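Peer 1: The structure that follows is given in the form of structure tokens.
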């Protein structure tokens, strides 16, 4: 190699060595990016957040255009349990700081977007997160290196040409590109991102809105009171969130146009594929809707002589002229900054606007590239809340736990309990856990049984579609069977065409629990960890493969699954049947009697009484058990027997009966 070659090699070496390196690079300081930064910061990891604007949450400085968020801020629940309250707090991020709850930033049920901007700024400052502001990453590529964690580094270039090197890339840029239309006359269409939000600009106008989503209805709601009429047009039928149980569908706060449409107050809703349409502007500046094929067959250059559908069909629904046409079709992910070497592609069908990722939120094309937040919604699009703060705060935590195990050898957090605590552990989680509640059928709790079912290990909020890879992803073993705790709606209850208010829609009887419609806990039992093939060929509409046994806890109007007879007893009997054991608790006297009369003791007596632990019954404890419907009141039975002339001796009231139905609780 000559002198010039040495100089080039030296220059390249210096360029590589001068790259600032971070183990974790996060793109975007929105809610998802800050949430991941908070977890990385608390774990003491080497990370940097890159934000193109001068402050966090720049999306909320512009959107929603009419400034009202549709994520609820329920400040009062009647409960003091912080985890339970997060079920109904759709705006807070997860942290250990009680001051960083959104209820301290707004009293409104539907807050103003500026409150979210203020909240995110405080979140970053109070936690001391490492954010590099005014840094717009314009290009991302790969640099293969066998020494790197994933076999390559991610090379980021900003608007100034500065290059950064990362071992793991976490993309939390959201959906930043407005979805456009492309038909003749589309140049006349105004976009949601730029149209006026002042109702005075629409007084006495005829307005056509393209789209049937929340942004379209938000726009219509703002101008309903001043326009002549508002028509809405989209390819698909309107999807109402209370019917689909999907928070991303049209919410009641914005559906005023549906009211005026159905009550025939001039406003209207139409369905048609936009790609077949065209817009024509007449000499008065009005816009007419026509069909593309009519333009193709017309040679006239005069706007007023172009054929319209009403020429052949005089009751064509859209024969009226419009003053304005507004596009409200949502957004798509910005793929433009990613080099082809990353193989980051879009999803399929309705999820085309999202990157194609695994259920672990990792790109299918590049190991070590994870998609977070709204952009990760392809995993649960139109199913759960993964595209929104109250959903992705938990999926981001799941990704962090996966990374902690993969790169730092820290297993998925778990707690080990004796088997006697199995029923109570499940009941506690289904009644208070927020991640299970919001990310239903996406994140599930996993219970790993120990040998001989003497104990169990409890893992919270694992991505259930990755169940076959649980051991590899978590560092935990599932050799002796497992339970999966999921929250589900009834399989035939949700859909845009469903009547969810029909009479007798709820299930109240225990024996009909499997027919429950509303969100309720479902427990799956597997003797062995399902395989990839099991997951792939699971029954239609099932979130998991067919289990060894399954149990539905009957739906509850109060979402309070603590009823001793209606909820706890059926669950405990199900668990006992799966494990072939007795999960009841006993007083010391009963355990003593069992040791004299049984060859096999219940686990409670084995793990408590035989280790010199346990509780002796007293009059007050027995009375509490009777009042709680946990024990039979034998005193009352004895008095009744005496009145009937039956002089048989009733069991001692301070000792649990071996054959009492009440004792089964």
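Heads up, the Cβ atoms here are built off N, Cα and C, so glycines get one too.
Annotation source Swiss-Prot lists signal peptide at 1-17, citing sequence analysis. The annotation N-linked glycosylation site is assigned in Swiss-Prot to 136. The feature region 'Disordered' is assigned by Swiss-Prot to 642-665. The motif 'Prevents secretion from ER' annotation in Swiss-Prot covers 662-665 and is backed by sequence analysis.
Burial and contacts for the listed features, if you can.
Peer 2: According to DSSP, residue 136 (N-linked glycosylation site) is assigned to coil rather than to any helix or strand.
Averaged across the motif 'Prevents secretion from ER' (662-665), the predicted model reaches a pLDDT of 41.
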Peer 1: Within the chain of residue 136 (N-linked glycosylation site), which residues six or more apart in sequence place their C-beta under 8 angstroms from its C-beta?
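Peer 2: Correct list: 52, 158, 159.
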